[in-house]
Amino acid sequence: MKLRRGALRAALALVLLLLLTPTGAVEPISLGLAIAGAAASALTGFISYPRLYCYFTLQENLDKRLFGQHLVSKVVVKAVRGFLNNTNAKKPLALSLHGWTGTGKNFVSKIVAESIYKRGLQSKYVHQFVATLHFPHAHNINLYKDQLQSWIRGNVSVCPRSLFIFDEMDKMHAGLIDSIKPFLDYYELLDGVSYRQAIFIFLSNAGAEKITEVALEFWRNGRTREDIQLTDIQNALSVSVFNNKNSGFWHSTLIDRNLIDYFIPFLPLEYKHVKMCVRVEIESRGFTVDEDIVSRIADEMTYFPREERIYSDKGCKTVDAKLDYYYD
């Protein structure tokens, strides 16, 4: 009983602190969820609302809007939930998402951000880098390395639970990403700063061929895509990315030193998945789903391999633009 009273007092103190603190200072957690979670947790003696909130919103959003990616849903939810629940992490969480364009990589990084931070990608604790925009010139690579290190160091110093998203890793200059290796390693402190609560997500088309190769092998052997397990593809994927000269991960120390926790494959999308994307997009615009329009848009896509025509070569990427034609 004393334990519960103490937990209740701690919860009430937390609620009071949140009410008296400026909104920007507690941005990663919405106030309403904090109060509800703290009150409920007082009964058990644990204050764990951010982790529960993250788990349920992440799982729900992936289930509703991510199609054909059973491996992604399973691995991302478990990885993020496990990391947020770990009060003694030895290193930051590093996820590398790979697959063809339009298969959901950017969407997943967006959902992860929204599950942790109230303002999602707009949060001042979320930092996005696009290779062709932020690091365009190979002759400036040393300057980019210094700028990248300074940016990460400065922002983690302000908020240990910072999220860094690196898009277009397949277009990044080789060697540049190795400049952040110390921040992803097993150091307790670097110049007085701990990076162990930070999250790094890398997005890349590199390795898509290997992913398709595995998916096609399963299909041709009469097995479903849901039969594919992470162990069937992760090691081959990491090797493929490491040896890809047209990738920012080419011979990267991040891979060589096993600092990437998960290489997550996004399988190429089939015709039925494209139709799922169309239906969700129509509903999001407030219209009743017209199956004739759904089929017409899915039929307009091009599919590969040329003979079998199984997978959409753009995934769901152009669905939004095609709908504009029907709902102007």
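Cβ atoms here come from the backbone N, Cα and C positions, even for glycine.
TrEMBL: automatically predicted annotations, no manual curation.
As annotated by TrEMBL, ATP binding site applies to GLY99, TRP100, THR101, GLY102, THR103, GLY104, LYS105, ASN106. As annotated by TrEMBL, domain 'Torsin-1A C-terminal' applies to 269-326. Look at TrEMBL and you will find 1-25 tagged as signal peptide. Annotated transmembrane segment per TrEMBL: 35-56, in sequence order.
TrEMBL feature annotations superimposed on the structure.
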| residue | record | CB count, 10 Å |
| --- | --- | --- |
| GLY99 | ATP binding site | 26 |
| TRP100 | ATP binding site | 23 |
| THR101 | ATP binding site | 15 |
| GLY102 | ATP binding site | 22 |
| THR103 | ATP binding site | 31 |
| GLY104 | ATP binding site | 27 |
| LYS105 | ATP binding site | 25 |
| ASN106 | ATP binding site | 17 |
Query = Applying the rule Cβ within 8 Å of the centroid of the Cβ atoms of GLY99, TRP100, THR101, GLY102, THR103, GLY104, LYS105, ASN106, what extra residues of the same chain belong around the ATP site?
reply = ASN205, PHE266, GLY315, LYS317
